[in-house]
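*Asks:* Before I ask anything, here is the structure I am working with.
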């Protein structure tokens with residue numbers, strides 16, 4: 001860590017161009033350059049199916065891969081080896097996540113919009129969904145819970161989980177236990193853009209799903225966006241890429257807590273980004289010292305150090321300026337560590353998930369508070385929402401008009417049809433209103 005330099009900068013001393021640069025995501029330019037590579041992979045999977053996915057799996061993950069689908073026997077054998085303490089932790093997280101998402105069940109509604117005209121809003125669970133669980137250097141059973149629990153509550157009939165295997169063709173036992181707990185029906189040993197293609201287009205061992213969920217690297221995020229824009233019919237949840245955390249802290253903040261939170265996101269990957277906004281130079285200096293000291297003790301120090309190179313410690317004029325910067329940046333995670341944290345909430349709406357107060361670490365939301373940790377990144381929190389139960393449903397409308405009800409609206413409908421020059425639209429109304437009602441009179 002002696003070579004690491006984490007500068008502290010005064011926001012007001014930066015030019016407009018410099019301010020924009022300080023808030024630029026490190027992985028954004030790379031994501032743009034990946035479009036063509038991802039398109040080639042997806043085209044290969046679409047044309048060649050399972051054979052293409054197996055080839056990519058051998059190239060990037062398990063060189064000896066012969067099949068993609070995990071059997072129930074393989075899952076059971078792996079789960080049997082899992083430590084009971086880990087099972088209890090997963091069970092606890094499952095319960096809190098289930099409780100919070102169960103409370104989100106959407107309710108059908110029915111309303112009479114005009115005499116004799118009934119309109120309804122109804123919800124139906126998605127039939128088949130795909131859950132992408134990132135692999136690489138970390139085991140992520142928590143992501144399986146975040147995706148699997150709402151799919152289970154919604155009642156999705158087929159839930160396909162994909163995750164890249166290790167060199168031995170295995171997935172972590174903790175991940176498999178979480179998947180089993182959530183009722184995942186199929187598990188495929190593949191990752192990257194090719195896994196998204198397998199979910200969206202279907203392969204021999206696993207038919208296509210209707211919607212793909214889950215975070216991932218730039219390849220995965222780009223692949224999700226591409227399949228959702230072509231004619232596959234597959235939807236995506238939200239753009240969820242490299243992790244981000246922005247902390248707003250004042251003099252009441254504990255620098256050790258702030259640094260620990262920043263590092264908890266920096267250790268996710270070298271393309272993660274963390275930002276501190278504080279009106280206090282003293283807080284900024286103390287947080288920097290804590291970052292240096294705590295990072296040196298991490299098992300993933302090298303990864304966190306790379307992320308810190310693109311991270312920012314910014315001293316602002318006051319809390320109003322901190323709020324304005326946060327709203328512009330629209331972070332995936334926002335931590336408010338001030339003496340009036342809850343009072344700031346109404347002004348801080350552009351974030352995937354907000355962590356209020358000194359005793360709400362971001363890692364709590366990652367694992368077990370109950371909120372979902374699949375969140376919009378890259379500034380998409382301005383317009384996208386965090387993942388929730390409703391994302392696993394289709395919403396559709398129903399309308400029913402009696403003969404008298406149609407007559408109530410006939411003039412409005414036929415006039416608008418005339419305005420738009422759509423004669424058949426008008427005729428579909430008048431052919432009914434000009435005939436006698438066949439409705440029974442009880």
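Cβ atoms here come from the backbone N, Cα and C positions, even for glycine.
Since we're looking at a predicted model, the values are computed, not measured.
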*Asks:* Which single residue out of 232, 243, 299 does Swiss-Prot record at the substrate site shared with 265, 268, 333, 366, 420, 425?
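*Replies:* As annotated by Swiss-Prot, 265, 268, 333, 366, 420, 425 share the substrate site with 243, chosen from 232, 243, 299.
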*Asks:* Same-chain residues six or more away whose CB lies under 8 A from the CB of residue 268 (substrate binding site)?
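*Replies:* Listed in sequence order: 138, 242, 243, 303, 307.
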*Asks:* Please report how many Å separate the Cα atom of residue 194 (NAD(+) binding site) from that of residue 332 (active site, proton acceptor), as a whole number.
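*Replies:* One finds 26 Å between the Cα atoms of these residues.
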*Asks:* Given the recorded positions 333, 425, which one has the fewest other C-beta atoms within 10 angstroms of its C-beta?
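*Replies:* So among 333, 425, the recorded positions given, the one with the fewest Cβ atoms within 10 Å is 425.
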*Asks:* Could you check which of these binding-site residues, 132, 217, 265, 420, 425, sit within 10 Å of residue 333 (active site, proton acceptor), going Cα to Cα?
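*Replies:* 265, listed in sequence order.
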*Asks:* Rounded to the nearest angstrom, how far is the Cα of residue 366 (substrate binding site) from the Cα of residue 132 (NAD(+) binding site)?
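*Replies:* Here the two Cα atoms are 16 Å apart.
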*Asks:* Residue 265 (substrate binding site) to residue 332 (active site, proton acceptor): how many Å between their Cα atoms?
*Replies:* 11
